[in-house]
Every structure is written in C-alpha cells, then in structure tokens.
Amino acid sequence: RRKLRADVAAAFPNLSAEQLTEFIPNKEELSVIKIYCHKGEAVTVYTNNKNPILFEIEKALYPTVYTLWVYPDLLPAFSTWPPVLQKLAGGADLMLPGVVVPPSGFPQVERGTLCAVTLLGNRAPVAVGVATMSTAEMLAAGMKGKGVAVLHTYMDHLWEYGDKSYPPTLAPLVTDSAEKESTEDEETEGKEPVNSLSSDPLQHMNVGDLSLQERDSCAILMGEEELGENRAAETAEDASTEGLQEAEDSRTPQEQMDALFNQCFFHALKCKVKKSDLPLLTSTFLRSHMFSCCPAGQQLDIKKSSYKKFSKFLQYMQHQKILQVKELNKGVESIVEVDWKHPDVKAFAVPEGFSSASAAHDSKSEDREQVYHAPEIIPLYGVSTKMIPLFQESGHRKGSILSSSEVRNIIINYVKANELVDETNKNFVKVNAILCDCLLDKSEQDEVSHLKWDDLLSRCLERLQPLHQVTFFGQEPIVRKGNIEPIDITIAQRSSNKKVTIIKNLELYGLDPQCVANILQQKVQASATITPIPGTKDRVQVQIQGNQIHHLAKMLLEEYQLPRKYIQGLEKAPKLGRKK
C-alpha cells in the first residue's frame with residue numbers, strides 16, 4: 001500500500017497530500033486483480049470499495065473513469081462530440097477530426113502524455129488514453145489522424161467490474177467563463193442560456209437531443225456571431241457529422257475489420273443462433289451465421305483483423321464469458337454454450353437499413369446448403385527419424401512438413417547431386433548407402449542395387465510420416481497428423497429386420513451433423529437422430545431409418561461437392577430392382 005501510494009504520487013504529482021490519502025486510504029479494503037486482455041497482455045487492476053481505481057500495464061499506472069470522476073482535472077483532457085462515445089467504447093481510438101476545439105485552445109501535451117477524453121458540455125471524463133502526438137504536431141497535421149490511443153472507456157469491461165455508475169454532470173470551467181464574456185460582448189438576444197450546456201448528455205443518449213445541444217454550443221464556441229441561429233445550427237451539425245465520418249474512415253483497415261467481426265458476431269448470436277442449435281461447429285457458425293450477417297458490400301476476412309485466426313476471436317469472446325467453446329472432436333471446435341443474457345448481447349441492435357440475403361426467412365438448412373464450401377484437403381509428409389539422412393542435405397530436420405511435390409523435387413535433386421542416375425538406363429537409380437538404409441527392407445539390402453524412379457518416390461512417401469492440411473472456407477489452414485478419416489457410411493440391422501443408415505466423421509469436413517440430419521429428414525421423410533458414437537468420447541453420428549445411401553451420395557457428391565475418395569461406403573447403396 002505504501003509503495004502504491006508512492007507510485008501514484010510519482011505518476012500524478014498534482015495530487016495533494018490529502019487527495020493522495022483519500023485516493024489510497026490506510027484502512028479501507030484495497031484489492032489487486034490480475035486480468036489478461038485478448039492479445040495476452042497482463043493488466044493489474046487495483047480496486048477500492050469494489051470499484052477499480054487504477055490499472056497498471058507494463059509498470060505504468062493509469063486512472064480509471066471512476067477515479068477521474070472524483071478528480072476530473074487530474075489529466076489534460078480533449079473534448080469530443082457525444083455520439084463519438086459509442087465508437088470509443090467499441091474499441092476505436094480518438095481521431096483528431098472528432099475533437100472539439102475549445103476557445104482557450106488545446107491543452108499542451110507531448111507524445112505519450114496520459115490524457116482524458118470528455119464529452120462536449122460535461123467535464124467528467126469518459127475515456128483514458130495516451131496522446132499519439134504533441135499538441136504542436138496535432139495542429140501541424142491539420143487536425144487529421146489519430147490523436148489519442150484509447151486504453152479504457154466508460155461502458156467497457158473494466159468499468160463493468162465496478163458498480164456501473166454513470167458519469168456525474170460537471171460543468172466545464174473554461175468554457176463557461178469564455179462563453180459568458182462572449183455573450184456580453186455580442187449582446188445577443190433570444191439565445192438559450194449557456195447553463196443548458198451543463199445538462200448531462202449521458203442521461204439521455206438520444207442523438208437528436210445531443211445534436212441540438214451541439215448546435216447551440218458550437219455556434220458560441222466557434223464565434224459565429226454574424227450567422228443566424230438556423231444557419232449556425234446547420235453548420236455545427238454538418239461539422240459534427242463530417243468529423244464523425246472522417247473519424248470513422250480514419251480507422252485502420254484492421255480496426256474496421258475488428259469492428260465488422262464484432263458486429264456480425266453479436267448479430268448472429270442475437271438473430272440467427274438458437275439454443276436448440278447447440279453444440280454448433282465454429283466453422284458452421286462463421287460460414288452459415290456470421291457471413292449472412294455481414295452488411296452488403298462488405299466481406300469478413302479474419303486475416304485482416306487483429307485476431308488473425310477465428311479461434312483466437314472466439315477465445316476472446318469466451319474470456320468475456322459470452323460463450324463457451326470446446327473441442328468435442330479432435331481438431332474440431334464447437335460452441336457448446338451461449339449467454340444470451342450477457343449485457344453486450346442484449347445491448348446489440350441490428351444496424352438500421354441492414355440488408356442481406358437472410359431477410360427472406362429461409363430455413364437454416366437451406367442457408368447452410370447454399371453457403372457450404374467443400375474444404376481443401378492436401379496430403380502432407382513429415383520427415384521421420386529414419387529419413388533424416390536423406391533430407392538433411394536439403395536443409396530439412398526431423399518433423400519438417402513437406403508436400404508431395406516438394407518431396408519429389410528433393411529426391412530428384414539428391415539423386416542428381418550424387419550422380420546416382422544409371423548411365424545405361426536412365427529409368428533406374430543406383431542405390432547408395434543412404435538410400436539403402438532409408439528405403440530398403442533388411443531382406444532387400446543385399447539384393448536390390450537399382451530402383452525405378454516411381455518405386456523410389458513411392459517408397460520415400462511411404463516411409464515419411466503422413467499428415468494432412470484442411471482449409472475451411474474463410475479460415476486458417478489446419479494441419480493434423482495422419483491421413484484424414486473419410487466420411488464413413490454403414491448400414492446396420494435393427495429389430496424387425498429394419499435397416500438404418502449411420503454416418504460418421506461429418507465434422508472433419510466442416511459439416512454440421514444436425515444440419516445433415518435435418519436435410520435428410522426432409523428429403524426422405526424418415527426419422528433422423530444424432531447419437532453418440534459407441535466407444536468414443538464427445539463424438540456424434542447421424543442415424544436415419546432405411547438405406548438412404550442414394551440420397552446421401554447425391555447430397556455429398558453433387559450438392560456439397562466433396563470428392564468421392566473422401567466418402568466410404570457408397571457401394572452399399574440398395575440395388576434398384578427391375579419393374580415387372
């Protein structure tokens with residue numbers, strides 16, 4: 001506690017001794033919490049009376065909004081329009097076009113200075129951040145670009161750790177005096193009292209009301225005395241809209257993609273996914289639900305976001321306790337639980353004018369059927385211990401992953417570099433000591449001295465460790481050990497000589513077993529169920545009455561465009577009898 005008080009005094013020297021004692025009390029309970037951001041950064045949070053008062057990142061202390069509401073003048077502050085708060089709370093930084101210029105000018109800050117962000121008409125800070133450039137550089141840049149890198153805002157998750165109270169209404173100090181003088185000089189009549197600026201814009205987040213306040217205040221702040229009241233209002237409103245638009249457009253492409261992923265994620269949870277859909281494959285959630293919630297003219301691309309992988313995006317949402325993801329099948333993750341009562345989900349509203357193909361309420365099976373893309377499956381090979389001598393000349397070690405063409409090129413280069421091509425018959429390769437140890441069995445080592453090119457390459461591939469790479473549409477490639485298991489279709493006999501069709505391993509190809517069961521049930525008008533696979537843990541299979549392999553073959557081969565080599569059991573289709 002004593003060390004913390006010393007650190008606070010060093011970080012905020014303008015705090016008096018009384019304020020410091022009040023800030024870090026001697027006897028009241030003070031808690032320390034360590035949390036982790038979605039990017040893995042460790043943050044230490046100090047709480048007093050269950051409200052976070054400080055947070056520490058890389059040994060630097062920052063006050064929370066709860067602290068700044070008690071000490072509003074602790075940090076230099078930049079003022080912005082009230083509608084910008086929603087952007088800041090969504091993760092955006094404060095862009096200079098959205099900053100309001102006060103009559104007294106900007107506070108003098110240097111790059112890296114800790115700053116607060118306030119809303120026009122209220123001195124209570126709503127965000128904490130670090131200045132990305134000095135005041136002189138801001139003015140030299142023509143008030144364009146990023147002004148403050150925001151670390152914490154009112155309404156974010158750190159604020160939710162506290163009592164979730166609203167910002168107090170604190171009248172601006174400098175603005176009031178400046179406006180009072182200007183109104184006396186102008187001797188204007190019929191204008192609203194300047195005291196109207198002290199009303200708390202956060203108590204009613206109505207954009208229409210806020211814009212009216214902005215009109216009156218902006219007309220006074222900018223000194224546009226000669227313009228009529230209506231003209232001043234239009235000018236201020238246009239300036240506000242232009243500032244907001246430019247602030248939004250000035251976001252980096254990565255920030256825009258992050259915002260788009262957040263919007264589509266909450267839209268899909270609120271409007272697309274139902275409790276009966278769970279567990280839901282993460283690939284199906286992205287492909288069938290989030291993609292359909294993407295606004296027209298925009299496209300989701302996880303590689304252009306800060307997350308880089310969809311699994312990391314879901315890990316962040318899981319950390320926020322919005323959903324729970326589990327690996328029900330090896331290498332395949334599913335959403336098993338969703339908290340629809342989470343404040344972020346409840347607070348999300350579908351953007352006005354949203355248009356997508358899902359407006360005509362198609363069934364989920366049809367949506368999935370239309371957007372399904374067969375995964376790209378590439379066989380790969382890992383260098384095993386026995387094959388190291390053959391591959392180390394090309395710079396590869398044990399565990400190096402290669403494609404078949406890369407293996408072929410390495411073998412060809414090795415044979416040519418060691419002059420192993422048979423001079424009398426170029427279709428054969430002479431077997432040296434390394435090839436003998438790597439590719440020949442013990443019984444062959446004394447007998448085989450030459451190998452055909454095809455035999456040489458096939459032997460090499462057989463002795464490498466098999467792997468495969470699966471790339472689902474819109475996701476990062478996944479590399480797994482072994483050869484991919486085919487979709488397994490079997491016919492089982494039940495009581496009363498009834499037959500059922502059982503389908504396994506659908507998840508490995510990005511297919512939702514529940515979706516496949518629903519589609520089959522509609523097509524063949526037979527009962528379909530999802531059952532656990534006997535002898536396994538957390539794996540499921542589709543079971544449908546009758547021999548339905550004909551319908552399955554048509555759906556998997558023609559509609560889903562899966563290669564036949566990845567489907568096992570199609571030969572068990574019933575033979576069509578001759579009509580008599």
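The backbone N, Cα and C atoms fix where each Cβ goes, and this holds for glycine too.
These features come from TrEMBL:
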- 379-463: domain 'DM2' (DOMAIN)
- 487-560: domain 'SUI1' (DOMAIN)
- 176-204: region 'Disordered' (REGION)
- 227-252: region 'Disordered' (REGION)
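The average pLDDT for the domain 'SUI1' (487-560) in the predicted structure is 85. Mapped onto DSSP classes, the domain 'SUI1' (487-560) shows 29 helix, 24 strand, 21 coil. Under DSSP, residues within the domain 'DM2' (379-463) fall into helix, strand and coil as 39 helix, 14 strand, 32 coil.
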